[in-house]
Amino acid sequence: MPLRHLFNWIFYGHIWIAVAATGLSWMTLRLAYGPPYWASETPVLTFIFLATLGVYTLHRYLSFQRSGVRPTTRRYELIRDHPTASLIIGGGSMIAAGAIGTTFIESIWSSLLWALPITVFYLTPPIKGWRRLRDLPYVKVLWVAWAWTIMTWDVPVEVMRDAIQTSYVENGSGGLNLPITPASPQLPFPTEMPLRFLFTLSIALLFDFRDVVLDKSQSVKTAANQYPVLAKSIVSVAMTICIITVFRADGYSTATAWACTMAYGTTILVCWATNDQRSENWYATVVNGMLVLLPVLVGLAYYYDWYVVGSSPF
């Protein structure tokens, strides 16, 4: 397979973004529960990978099919050259994710009540003649950040909370009914929710710079196409808040706090290097790469704390 095709499948075929969502979900579980002693995390992490791959692939496919003039930009090259394969991958991933999700639907149904409408109505108007969520002025980044926070923070913990509780009752509780069990998320889990929202909001704000021309053509106002310096300032302030928080909040080891700081600090640097003149490869690899960098660095910190120092990482 030529390198260009391989590059396209990884970065424009949404494998990269699916890896990012899976990595952030894994990071959430490490922060909430430490080592996976009580129950397997493979089902929920596979669900998140497939759901992300399916949603983003179908989103790109539908955008291409619905466009009056077929887009010629790099991000649509894969859909243009391999429409059937893209549809099969997107649809197949969603079917597989749905099948896995039914095994723990009781754990995630309340989260899906929020995530599914955002996902569907982001691209499709809820009622004919209404705007899509992405067309509302300035707030499309909020929908993206909210959906990502639900899927990478709330869903994995909801699933594992029930799985660990079941395993604990069946195998480890000795008949005791304790108020705090291994299924209870530990610190810094509560702190991570606002940080995850700020982080994914920042990445979404950067992607608006890629879409400046598209959004202007559709009369969609965004911070990037109206107030670009303000948009970058928001990202910088958000990441600074995250850096301060990981050092001041309970539950983060020193190594984990520094790992987060490196990722958040790098996001600030990437932010000020981002503009509407950057190529699509910049957004597909570097900006999306920030979503991968954070869990990778936290994973290295986890390994250092647990296996090198020999203490609890969190």
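Quick reminder: no glycine exception, Cβ is built from N, Cα and C everywhere.
Taken straight from TrEMBL:
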type     : residues : note
TRANSMEM : 9-32     : transmembrane segment
TRANSMEM : 44-62    : transmembrane segment
TRANSMEM : 83-101   : transmembrane segment
TRANSMEM : 107-124  : transmembrane segment
TRANSMEM : 229-249  : transmembrane segment
TRANSMEM : 255-275  : transmembrane segment
TRANSMEM : 282-304  : transmembrane segment
Same chain, outside the transmembrane segment (83-101) by at least 6, Cβ under 8 Å from its Cβ: which residues?
13, 43, 46-47, 50-51, 53-55, 57-58, 60-61, 64, 108, 112
Which stretch, 9-32, 44-62, 107-124, 229-249, 255-275, tops the Cβ pairs under 8 Å count with the transmembrane segment (282-304)?
9-32
May I ask for the residues of the chain that lie six or more residues beyond the transmembrane segment (107-124) and have a Cβ under 8 Å from a Cβ within it?
55, 59, 62-63, 101, 132-134, 140, 143-144, 146-147, 150-151, 154-155, 158-159, 161-163
Give residue numbers and ranges for long-range contacts of the transmembrane segment (44-62): same chain, 6 or more residues beyond its ends, CB-CB under 8 A.
13-15, 17-22, 25-26, 75-76, 79, 83, 86-87, 89-94, 96-97, 100-101, 104, 119, 122-123, 151-152, 155-156, 159-160
